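**Student:** This is the structure I want to talk about, given as structure tokens.
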Amino acid sequence: MEFPFDINQLFSERVTILDHTLVAGRKSAGRPDLQALITTVIDEIGRASAKAQQLTAPITSASKLQSQRHQVYLLKDGERNGGHGVVVGFLKVGCKKLFLLDRQGVHIEAEPLCVLDFYIAENVQRHGYGLELFDFMLQHKNLEPVLMAYDRPSIKFLSFLAKHYCLTQSVPQVNNFVVFEGFFPNRTAAQLRKVPLKKQDGEIKPYSLMEREVIRQEQRALPWPFAPPHTPQRSVSSQCSHSLSVGSSPSGAPLRALRDNRDKSRNQVTSSISGSRGSHCD
């Protein structure tokens, strides 16, 4: 891609690494005029990449780069355009926190380095520029491509990974990212964390507060002499603890048994009182 200014003056290295500072070496540090040109370059190549991928909006721009902790590797050919240089392409990477599925379907939380955008100008494709740029990034990061995740890779990019890095067997995911065989076995336990499954709703705990409250209310509602003597809360719960199990409810057999015992005690007390009243009248 050609620009109406000298690319070689703006980017002194063949591959320039840009981050949120939008500084390309010492020359552009503290130079708003040069940073404005860098902004123009990033925005233009971001639009070209979006057009090539048929996206509705660019995913790479100077403003997004300034607000995110990502890096752009920009490749130039300094001999083209009458010695003023051209931008050949760029590669954007960054770490993302992802929830992934391994081959066994286990949810894994990881934060790998991801390829977020990758573009080589159409008129210079198949000249080895893409491989040169990608290899430069791998060496700079000291990383193997199998340990990376790829955000919505195009068919062209997948063919590139298969041809140059033998990445062909991907592990299916439910998000837009692609990871390949070897991503999970080659990462340390500190880099991967299993995500626990959510607890099922509606689970009834043993010795629930509702059961205890029902029993206490029924006991308080009984008039003397049918009401049992006041006992600490622990004694009530201990009665339930012998018969209740996981999954029981207040309307189950244990509560019915307590009610039957209560009714039996009530009848015995009633009979005793009736008998004593009759003997007194006689």
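The backbone N, Cα and C atoms fix where each Cβ goes, and this holds for glycine too.
From TrEMBL, here are the annotated features:
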type     : residues         : note
DOMAIN   : 1-184            : domain 'N-acetyltransferase'
SITE     : Gln53            : site 'Crucial for catalytic activity'
BINDING  : 118-131, 154-163 : acetyl-CoA binding site
COMPBIAS : 235-251          : compositional bias 'Low complexity'
COMPBIAS : 257-266          : compositional bias 'Basic and acidic residues'
COMPBIAS : 267-282          : compositional bias 'Polar residues'
**Student:** For the domain 'N-acetyltransferase' (1-184), report the average pLDDT of the model, please.
**Tutor:** 94
**Student:** Phe118 (acetyl-CoA binding site) has how many other Cβ neighbours within 10 Å of its own Cβ?
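**Tutor:** Around Phe118 (acetyl-CoA binding site), other Cβ atoms within 10 Å: 25.
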**Student:** Any same-chain residues 6+ apart from Leu161 (acetyl-CoA binding site) with CB under 8 Å of its CB? Would you list them in sequence order, or say none?
**Tutor:** Pro145, Tyr150, Pro153, Leu167, Phe180
**Student:** Fewest neighbouring Cβ atoms within 10 Å: which of the binding-site residues Val124, Ile155, Leu158?
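**Tutor:** Output over binding-site residues Val124, Ile155, Leu158: least Cβ neighbours within 10 Å is Ile155.
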**Student:** Gln53, Ala121: which of these recorded positions has the sparsest Cβ neighbourhood within 10 Å?
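**Tutor:** Output over recorded positions Gln53, Ala121: least Cβ neighbours within 10 Å is Gln53.
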